[in-house]
Amino acid sequence: MALPALGLDPWSLLGLFLFQLLQLLLPTTTAGGGGQGPMPRVRYYAGDERRALSFFHQKGLQDFDTLLLSGDGNTLYVGAREAILALDIQDPGVPRLKNMIPWPASDRKKSECAFKKKSNETQCFNFIRVLVSYNVTHLYTCGTFAFSPACTFIELQDSYLLPISEDKVMEGKGQSPFDPAHKHTAVLVDGMLYSGTMNNFLGSEPILMRTLGSQPVLKTDNFLRWLHHDASFVAAIPSTQVVYFFFEETASEFDFFERLHTSRVARVCKNDVGGEKLLQKKWTTFLKAQLLCTQPGQLPFNVIRHAVLLPADSPTAPHIYAVFTSQWQVGGTRSSAVCAFSLLDIERVFKGKYKELNKETSRWTTYRGPETNPRPGSCSVGPSSDKALTFMKDHFLMDEQVVGTPLLVKSGVEYTRLAVETAQGLDGHSHLVMYLGTTTGSLHKAVVSGDSSAHLVEEIQLFPDPEPVRNLQLAPTQGAVFVGFSGGVWRVPRANCSVYESCVDCVLARDPHCAWDPESRTCCLLSAPNLNSWKQDMERGNPEWACASGPMSRSLRPQSRPQIIKEVLAVPNSILELPCPHLSALASYYWSHGPAAVPEASSTVYNGSLLLIVQDGVGGLYQCWATENGFSYPVISYWVDSQDQTLALDPELAGIPREHVKVPLTRVSGGAALAAQQSYWPHFVTVTVLFALVLSGALIILVASPLRALRARGKVQGCETLRPGEKAPLSREQHLQSPKECRTSASDVDADNNCLGTEVA
């Protein structure tokens, strides 16, 4: 075909050829994958202006690990390294520092810490590990105090912190860990502190302890090995008569070829006073059971990271939600799960059978002997008999497991902390909302509606560089989640409704805090559940039902008119880039040209954008469509006009607002680029290098055959190669012999350059 028939000059034809080659090299854009489990529908990277966050930090302070919300929800108390802060969080935006009191470890304790081979730069400080509200006028706090735990009371005055008096500092052994790296937990119940931590400098003696209050101080018996020496505590949750401790430790009841971690729940009674003769100053009601969080066909999630209690509307059905990971990696990545445990199931297991250790076989088996009344380990009133206490010393492990319900399973991520709440939707139902911190500094918002599995509404990357989320504190009255980490505290509004610009996008988000307001045509924060005109569908995320005034087909495409059309004036023989914002990671995207698909010969899709060679007949309406949950809707619409030929706007699009925009435009003829917002020079270099390699390969092949023939002639015309015997060093007995001549022509040489029918002279 002649060049004029294509309507292109030679340079434009070369540009078209390179564009087609570029189309083959560019990766195909697909809707995200990213491992097993639900994907976050919207991702916000650090510094994304679409997600407004507030950051508090204080010069000279770090390790903002401990968070406590005041009773009125207006003040956030923060335990940092060697300081305690009071932050006013009533107003939106950055929390305001009300006041701060220092509580450093003494110089003597720091010297002793360094003498014991601990680091002066990272360890020999006072890391605040316990911060609880003792009453309306005092807080109670404990810290590592340079590997010498200490505790004290802090007086409050109008929610301001008063300075700590050194003479009121008490020993904190058993309440705070020695090592800031060790996990711990503590909860204040009826004026008594229940704590789980390490009780020695080496970190080899875990302990569950009760201090403060009028009841006697009680603790676990380390000699009886109720806890494995590597027990790691993550949560303490009070109930009506008991306090539950959640932790993980090495399992001793299983025969396994490697050290097997297991998650546990332990229980002690609030009215426990210890034994009179046996188990003096020790728990007499300590029991523990295995927690099981697993999904069929997968390895168990056997390492618990955090647990919280969500009281239900009915006091008979509260649940505990816990975050788990696995000690094993699958495919080089770790996985996480959130499981729900009914308190009724936990109580039932603790009322079941015991395990006992067979001393002859060293195996744990089910105890089948008689039971006494009252039942050993029960929260009965009055002292226990010596027989019951003797039984409790060896029968502290329950036979049955507490099986949880997996709500969220996700690979490629490790969750560290969890905060939960319920949100009432427009349908009047309560939906579980979970906020999950990760080891890489992300915050996930997950929602569970009814019996359906969890879906991830959003993922927020909090830090430019990955680091773990250390603590989460939900402030319902402020509508925010506070995130503690090494450098400060983030304030994260729990919903970001304004990012959803259409009714379809708002409904598909399935965020119980957001609903579409038809009057203002905005996605708004749901302030009251009785807004009948607002639109929301939490169960199905069905925009067909929520966003249409009348009956609609399954696809929204025929009835979807763009809210605005962006007009683009293009130059002939140029590459035009039409961007398409990917509003949802769950959607698949495609382009249309009017009622038809875009022409494949002159276009390609790269990173969601449409790259289009402007030629005759390519003008008109271009729309980027998203398909999600079975529904298609336009994300963005362009009307492309050429400088040489202006098209009349489709009458069906009359009345739609239009906006003239400039998009990346690159000329493929001999001229320079017209709009160099995005350079395709790297792609051009790639294509050029590949073309040069192909050309070089062809030249090598063409030159190789003559060279081979020349080499064969030179070998035949020269001397015969030495025989193996002639290659050995000459001895005295050997005599030099002249080489024998090959009398043959080049045609008498085989493929290996051997003489054929050679006559030897």
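Keep in mind that glycine also has a Cβ here, set from the backbone N, Cα and C atoms.
Annotated range for region 'Disordered' in Swiss-Prot, selecting from 358-385, 722-749: 722-749. For CYS497, the partner cysteine in a disulfide bond according to Swiss-Prot, taken from CYS514, CYS547, CYS580, is CYS514.
Mapped onto three states, the DSSP output places CYS514 (disulfide bond) in strand. Each residue contributes its Cα atom, and for CYS523 (disulfide bond) and ASN607 (N-linked glycosylation site) those atoms are 27 Å apart. With the fewest other Cβ atoms inside 10 Å of its Cβ, the least crowded of the disulfide-bonded residues CYS113, CYS151, CYS379, CYS497, CYS624 in this structure is CYS379. For the domain 'Ig-like C2-type' (573-631), the DSSP counts in helix, strand and coil order read 3 helix, 32 strand, 24 coil. Listed in sequence order, the residues of the same chain lying 6 or more apart from CYS514 (disulfide bond) and placing their CB within less than 8 Å of its CB are ALA495, CYS497, TYR500, CYS506, CYS523, CYS524, LEU525, LEU526, GLN536. The disulfide-bonded residues under consideration are CYS269, CYS523, CYS580. Their Cβ neighbour counts within 10 Å are lowest for CYS269.
Burial estimate for the glycosylation sites (ASN135, ASN496): highest at ASN496, by number of other CB atoms within 10 Å.
The disulfide-bonded residues considered are CYS124, CYS142, CYS293, CYS339, CYS506; of these, CYS124 has the fewest other C-beta atoms within 10 angstroms of its C-beta.
Mean pLDDT, taken over the topological domain 'Cytoplasmic' (705-761), works out to 50 on the 0 to 100 scale.
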